[in-house]
There are 2 protein chains.
Amino acid sequence: MTKKSRNTPHSPQRREESLSRDRIIEASIALLDSSGESGLTFRTLSERLATGAGAIYWHVENKSDLLTAACDAIVARTMASCVAGATPQATIRTLALGMFDAIDAHPWVGSALTRVAGQLPMVRIVECLGQQVRALDVSDEDQWAAVSALLHYILGVAGQNAANTQFARTRGVDRADFLDAMATVWSQLDPNEYPFARSLAGQLRVHDDRVDFLAGIDLILSGIESSHGR
Amino acid sequence: MTKKSRNTPHSPQRREESLSRDRIIEASIALLDSSGESGLTFRTLSERLATGAGAIYWHVENKSDLLTAACDAIVARTMASCVAGATPQATIRTLALGMFDAIDAHPWVGSALTRVAGQLPMVRIVECLGQQVRALDVSDEDQWAAVSALLHYILGVAGQNAANTQFARTRGVDRADFLDAMATVWSQLDPNEYPFARSLAGQLRVHDDRVDFLAGIDLILSGIESSHGR
DNA sequence: ACCTGAACACCGTTCAAGT
DNA sequence: ACCTGAACACCGTTCAAGT
């Protein structure tokens, strides 16, 4: 999707087909999108790129590095497309929704994010959230708590959504069918042991993930506001 | 740690050494605790249990099932040990801290939780949180939003903590050393592109994960309270 | 400098065969 | 009913050898 050429500065003929880190990442994303997390293999990838497995290792450290880079490409695009906003709150909301939609489109990003731990993709998200929290006039010592709450909530939802789609894919069913099956299981829980979860089953069937996600963001935002003057 | 015998009701001589689902799960937990996520292998497990790989498959569906069961054992114990509490808020806090400590002691639980999607371990947590949120007098239609925010926040932190320890283990360093190295990287970020993340680097070095975690819980709790009368 | 592809040391899972 | 262990179809990663 993004044009790239900067990575082969020293190859005067610049063949379009030459291998490069960016081309490898691009192909990885395509593979992950079309066949899920288990679809990314050095064998399928090298096949797709018409090269040997070893060639990829010249441009990429290992599989973890590759996955992080692929994840970062998506996160970078998402952060770039969520700039403006009337208020800091509104910007945080669109930013969070942007991540939600990105993970909906690329479920593997959700689980990749839970493995990158302090690397570039995470830094990008922290930075965007942090700038908005600052604009919210949160005191210096409370800023990290606010950003951390938003960040970890987003990561939590991301991980669950990724797991849901992954689970559904493994069983070869639709994501909606999977959630429906889950609701059925929940509705059959022992009413004495699991009264709350059981009562939730119906809601589970009609709920909108995206709306629920935003409700959580709003809850945290209102928590940030209310601990302002303390 | 827990005694078990119920799983072999039809074997009159009940040999202590006989294979059972519980013994397999127990051994898996020991393996995961001592050598991390990559330590759980059907080969090492069958070796440890002095049996063949195939024998394990008679008691367990597959590796995913095994990991879920191991995770559930830890979660069940944790939920069981967090009952009382002066107020619903206090109970939620101890419950959350209980999960934090459990994941600190068993880092693999953190990443396992991001893969179980609506299965037993998750139901247990939802149930415990839900009962407390109910006790908080949150209206029926807002209960799920409150529980979901708490749940996903906990899962997000769990995933990150698991990733941090996993990352540190792979690189063969202490978790503290790893966080210190991360702080150094963050402090060297471009001040124009990443002003917030950069300014956070110092805090990163002296912060207490557990305290930060609790601050996030309190933020969400105060958000729940403030949207009470809306 | 960059690429090839066979080889290595692993995996999870299956299954005929045993008791 | 429960267990054995060899076999299968994969993995990620390495590395001598090529250009």
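The chain as shown is numbered from 1 upward.
Using the three backbone atoms N, Cα and C, a Cβ is placed for every residue, glycine included.
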Which listed span TrEMBL calls DNA-binding region, if the choices are B:41-60, B:121-140, B:181-200, B:201-220: B:41-60
Segment confidence, the DNA-binding region (B:41-60), expressed as mean pLDDT: 97
The DNA-binding region (B:41-60), counted residue by residue under DSSP: helix, strand, coil: 14 helix, 0 strand, 6 coil
